[in-house]
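Quick look at what TrEMBL lists:
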- 164-191: coiled coil (COILED)
- 1-10: compositional bias 'Low complexity' (COMPBIAS)
- 200-209: compositional bias 'Basic and acidic residues' (COMPBIAS)
- 219-228: compositional bias 'Basic residues' (COMPBIAS)
- 1-124: domain 'PCI' (DOMAIN)
- 1-20: region 'Disordered' (REGION)
- 193-240: region 'Disordered' (REGION)
Amino acid sequence: APGARPAGRAAEPDSVSPQLADSEFSPVFRLLTIFAYGTYADYLAEAANLPPLTEAQKNKLRHLSVVTLAAKIKCIPYSVLLEQLQLKNVRQLEDLVIEAVYADVLRGSLDQRNQRLEVDYSIGRDIRREELSTITRTLQEWCQGCEVVLSGIEEQVSRANQHKEQQLALKQQIESEVANLKKTIKVTTAAAAAATSQDPEQHLTELREPAPGTNQRQASKKTSKAKGLRGSAKIWSKSN
C-alpha cells in the first residue's frame, strides 16, 4: 500500500508490470503513480475512481505535494498550500509542515508574519521516463555553462600571472637601481673622505698659520697699535 513505505518515496511504477494498468488492479496502479509523481490535488480530482486513503496516507501525499511545490517555489504562500492540500486552517497546515520537517521530507521555516513557508531543502520526487530527455538537456546546458565559467577563470588566472610577472620584473629593476645608487654613493663618499684626510699635518698647518694678505695686515695693525700705546705712555710721563 502507498502508506507502507517511507514518507519520501513510493514504489517505482516502472518496476510494476504495465499490464496492471489494464487489469482489475488499474485503480491501485493509478494511485501508485499519483504517489510517485502526482499531488493531493490529483488524487482529489480522481478520488471517485481510486481506492480510499487513510489519514496517514493523505498526509503522506500532502507532504509529497509540498515537495512538488518546493521544486517550483522556495517561498510558498499559506494560501497556495491551503488550497492545494485542502486543509481547513493555518494550524493544520503548520502541524503538517512540522511533521514533514521531522520526517526529513523538507527543511525550512514557517514565516507566520508573512504567512508563507520558506523552503531551504526538499527531497526529490520520482522521475517519469518522458522527463529524462529534458533532464539530460538541462544537465548538458549546465555542463556547457560550467565550461564557459571555467574558461573565464583560466583566462583571469593567466592575466593575474602575467601581471604578477610584470610586477616582479619591475621590483627587481627597482632593487637593482637602488643597489647601483648605493654603490655610487658609497664610492663617492669614500673618495671625498680620502681626499680630505690624505695630508692631515698640512691641513693643521694651514689652520695654524695665517694666510698671506689679510692676516699680515692684521698683525701690522696690532704692532702699530702697540707702538702707539708705548709712545703715548712716554709723552704722558714727560709732561708729568
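Glycine too: its Cβ is placed from the backbone N, Cα and C atoms.
Helix first, then strand, then coil: DSSP counts for the domain 'PCI' (1-124) stand at 69 helix, 16 strand, 39 coil.
Taken together, the residues of the domain 'PCI' (1-124) have an average pLDDT of 84.
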